[in-house]
Amino acid sequence: MFRPGAQRLRGLQLRSFPLRGSPGRPRSVCAREGEENAPLSAETRWKDRAETVIIGGGCVGVSLAYHLAKAGMKDVVLLEKSELTAGSTWHAAGLTTYFHPGINLKKIHYDSIKLYEKLEEETGQVVGFHQPGSIRIATTPVRVDEFKYQMTRTGWHATEQYIIGPEKIQEMFPLLNMNKILAGLYNPGDGHIDPYSLTMALAAGARKYGALLKYPAPVTSLKPRSDGTWDVETPQGSMRANRIVNAAGFWAREVGQMIGLEHPLIPVQHQYVVTSTIPEVKALKRELPVLRDLEGSYYLRQERDGLLFGPYESQEKMKLQDSWVTSGVPPGFGKELFESDLDRIMEHVEAAMEMVPVLKKADIINIVNGPITYSPDILPMVGPHQGVRNYWVAIGFGYGIIHAGGVGKYLSDWILHGEPPFDLIELDPNRYGKWTTTQYTEAKARESYGFNNIVGYPKEERFAGRPTQRISGLYKTLKSKCSMGFHAGWEQPHWFYKPDQDPGYRPSFRRTNWFEPVGSEYKQVMQKVGVIDLSPFGKFTVKGQDSVRLLDHLFANVIPQVGCTNISHMLTPKGRVYAELTVSHQSPGEFLLITGSGSELHDLRWIEEEAVTGGYNVEIKNMTDVLGVLGVAGPHARKVLQKLTSEDLSDGAFKFLQTKAFKVANIPVTAIRISYTGELGWELYHRREDSAALYDIIMNAGQEEGIDNFGTYAMNALRLEKAFRAWGSEMNCDTNPLEAGLEYFVKLNKPADFIGKQALKQIKAKGLKRRLVCLTLATDDVDPEGNESIWYDGKVVGNTTSGSYSYSIQKSLAFAYVPVELSKVGQQVEVELLGKNYPATVIQEPLVLTEPTRNRLQKKGGKDKI
């Protein structure tokens, strides 16, 4: 066990730092390099007008001020309630890593580290940046699979990452007990930085480029004005801002409440332990890499001649500071810590001592227990907020040090250029909504903290806080028959199981218990008729005298005629795909817009912003929680539905992409003849309270036709075979519609000057560098998911975007971006899956023709033409 020094700290009381040094001089908790940097004095100037006001002087807020000012924005003002780094920044452990299990956040981490490497030279401020690399340790076979899974997702990024064996691990970290170690995931360039010195260097840079950093200047009131500007009140006076950015850390909830928003954030107590000098560490000739023992759930790094390690305890043992949610952050709290609780983390301490035995004889000189802010899913909230004009957020950072540099650049680029510089949908603050209650936030924050180091499987589900109030009318009917997935607060069936099948959640990197049931659902839709709950779709109505003009400006496609539907895309000014929606013209000037569940408020914010800034006279309503949706698809779909309505559903009377309002067994529906399966089908929009009755009626009517349920996994397999693109995978803010193969939906010759039109013309004139292709590949027990590396001639040349098993040809199927010269049908490439490269072939798409196409060809020339 730890020597007596540990026991002396068990009674550590809540106290204010700095440690060591003169009163009022802020320090890093660990007193790393940069201690000699005296804090830059607060400004005495005041401005009555600002282009951007940033609220919060932690490393994230200061980074944004730095980036905006450096990019040339005048009148950037940062307001901090007490002093820079107060809150969570000052006591952070300061870890920096290129690694992230997601795709997009790797770019944020990369930008942060590249900035930190140059910041000292640029500003003259020491930042105490160490880059000894980092190693994630695998002690189980499934962890090795996870490392292989992450390697293929990194190959097409700039980040260096390698799987290394036990010998190399021991060479790099000679203090390890190697008994259980199977492999390591190594990132050169990882390390740690002094958070206080980093923030002061960013502050120096921000001032150098003209930003005003004002503190102490607590914001006491935020008042929106009719022209979209804000009046910002502080004890020093008021200031008018063209936009405000909430970067207030664990005070972000209070800032949001000033304007009627309840940001789903909660402070979490996180502890780390610092030892005194350890002779074996002091004797080393080079700094140890940062270690992450994933099964032990802790990080460990060298701190001078000792060690620092921080655990993530289980959700049962971790501690939320929930009183701050109900009663607010205590007045004056800024550079204080909570009482330490070594007992709470003791199992992780023991795991660390087993892995790094020199810890057993180490003295503890400090236990830091401070607040960090968690969102429900552990990811920060970054970007403009729906429903409030010119209000931006950069909040909920559980890992603010590694995110600060990249997020500052990302937000600065977005603010200055009017669109996000790359896809980062997972950080969209609008992924949450009214369904995100305090109880949900608490439950998910507990889960997210406790799951910090669990295995990251594809198709992962997490169950805390579920279900929310967002359940469709079918939830009670279906919940005992299927495996539900979580979509923007909704529960939606992923796959259905029969009484003799394993119903459990069995995550895996390989095919698992849902593989055969999904195959049965696929056949159900292809051969008979299936029903799917599509209620999580985002649904908006747009009407008014300028509705046509607004939508013609927003969408690259033409406006459908009354009674018709089309697929339309909203593009960014640079010609990238911001969103894909189904647009139905229900009656003259009245439209129903449908988007994916994860895009609901993301898309609505864009539409509302354009309507307001363009002065369009329209009424926009979010009908997502009002309307339920049932999809009915398969060759017998018409036969089943025709039994229930007097409306003529024949092919001649109700054509593909038409929309009509009628009754199905006395239940009013708006029906669109469309199906993401590519088979004959309708989407039936109805009052949410009618969902159960409508479902029962349809299921009873379809008994003779063998009707049954299907879920989103089967739908994904069906849409891939039809070569249907998915927003967020094949198209997003990283792609243009031409390379994504969406030319059919983009009308460059329509009169309206839609957003992105001019940029798209330039893209077309210059020619494409890459194209989306469809690949088939023969694997063993693993299928592509998306974001895997594509290899050709020994080099990574592209990436998959989504994938599945094709139950029709019994091979794997994937979409992928490859260079234009490798995009021809018949081209051979390789797809990396779990450490193995599988041969793949570019095929003519679609693999399976859609029902409307089959029907049309059959009318023209018989079955032999199909």
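Each residue, glycine too, has its Cβ placed from N, Cα and C.
TrEMBL has this to say about the protein:
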- 52-414: domain 'FAD dependent oxidoreductase' (DOMAIN)
- 417-470: domain 'FAD dependent oxidoreductase central' (DOMAIN)
- 479-750: domain 'GCVT N-terminal' (DOMAIN)
- 770-848: domain 'Aminomethyltransferase C-terminal' (DOMAIN)
What stretch, picked from 52-414, 417-470, 770-848, has the most CB pairs under 8 A with the domain 'GCVT N-terminal' (479-750)?
417-470
With DSSP as the yardstick, break the domain 'Aminomethyltransferase C-terminal' (770-848) down into helix, strand and coil residue counts.
3 helix, 47 strand, 29 coil
For the domain 'FAD dependent oxidoreductase' (52-414), would you mind checking the mean pLDDT of the predicted model?
96
May I have the DSSP-based helix, strand and coil counts for the residues of the domain 'FAD dependent oxidoreductase central' (417-470)?
20 helix, 0 strand, 34 coil
